[in-house]
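Before any comments, here is the structure.
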């Protein structure tokens, strides 16, 4: 439908269209809606309230009060310790009693126990507040006030605060703990506190239950147990003091109450068989996942291992095939070499036989011997093709022609030998010239002799890079130990070291060879001298064994030096015992010689040329 809004005179009329909106009932209107829907009739909220009041009146009519025999013996002055519900006859209903029921119970108790009623019946009445009727008045005063009633309900004397022990709930958990949680649920500030449930409860229900109870919000408070009443205070300071004492006592009791509830929840959680079941299930799930991951990883490793093994097998087969081919090639080369060797041997023997048959082309013995030497020289120097050509010429020609052919070959071989010898002499001369030229850069124009070069090498190794004022120290060391009398400066030492670094490998070999020959000469040709002095403690004992050291003995000595360090008592006796056939003196001399040799061998650090081989060392 359309709604027209008429404007004032002279204004324009505007037409709006209505909009239909669905509205859902809430609150009391929703309750009325449900009532109408269930009854299929229309009922207003007021009708529902009237119906609720009628139901409460029907409850009042059906209210049954319990007798309280101790009512007449109560002390009105001790009203705070009385059970107000029992005084009104509501001990069986207690905190579940409604205000209607409380008022009805009070009305019934007044009609029965009012002092005027009893006085009219001839009963003796205690004047003032000493009559027990005062207890009924106090009971309705407490229970009709929601705040005071809540304070009294918090300390309900009939409430069981006990918490089952672990032993009580171990075998019958649900029977022991379900009533306790239901009993304590009355203190919750929130409605619909979840129940403990059963063994078949789901994980979500159990988790929700313990989540609510671990975060339990209790409305229970302990103001009813205040020992001091602030209304009785004579001044403001006393009233503040009383309030402070009461707050402290309430906080202590509240803390004890929360500890009690926490103990209840903790104990139940530790004994709950469902929690154990859930943990076992979770553990089993994790174990299964872990096992599945381990299996997957193991399979992956197996796949990788199979692939790697396949690659290794393929590489091995390829290598074996390559080795087999190389072996065949080597065998073929060896076979060809053997054939060539036999052919050369055959041609040499043929040459010797031919020359021998012709008496080596000599008329006398001396000519024959000289020609024999020349023939042997030809056998050593000529290749297979030259030997074959020479033998063919000898076979086809006469003796004179053969002699000319042999002499021609001898001349060619001699010329070749002379050429090689001259080349070697020139190379040595070039090395000597280079060494002399490199040694004349310092020391006042004086060259470096053969003694100073090893001394420089030793000093360079003794004082490595990083030594403070290294080259000055090396120069002082050489001036102190050199017997040439030439004083070397740091500049001389640096120039010489640089020149040594620039040497060619052949030149370095020549220097190393000379240094070793000098060292070997000095240590191998020591003259026998008679020492009348007292033998040193380091070399006392039996005579030294002059036999050369074998490789096995050298290894045993090196191992013994590592086994018995310097701090070992009687070190050299133990080392000698570890090397069979060698005395203490032999081992000490061998160690000294090896140490001296190592200094020279360290020349490899500055000039990367191998100075001596293992055979040279084993000769010392």
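Backbone N, Cα and C atoms are what each Cβ position is placed from, and that goes for glycine too.
Taking TrEMBL as the reference, the stretch among 375-402, 403-430, 431-458 described by the feature coiled coil is residues 403-430.
Given the ranges 222-250, 251-279, 280-308, 309-337, the record in TrEMBL names 280-308 as region 'Disordered'. Outside the coiled coil (403-430), and at least 6 residues removed from its termini, the chain residues within Cβ reach (under 8 Å) are 355, 358, 361, 371, 374-375, 377-378, 381-382, 386, 390, 393-394, 397, 506, 510.
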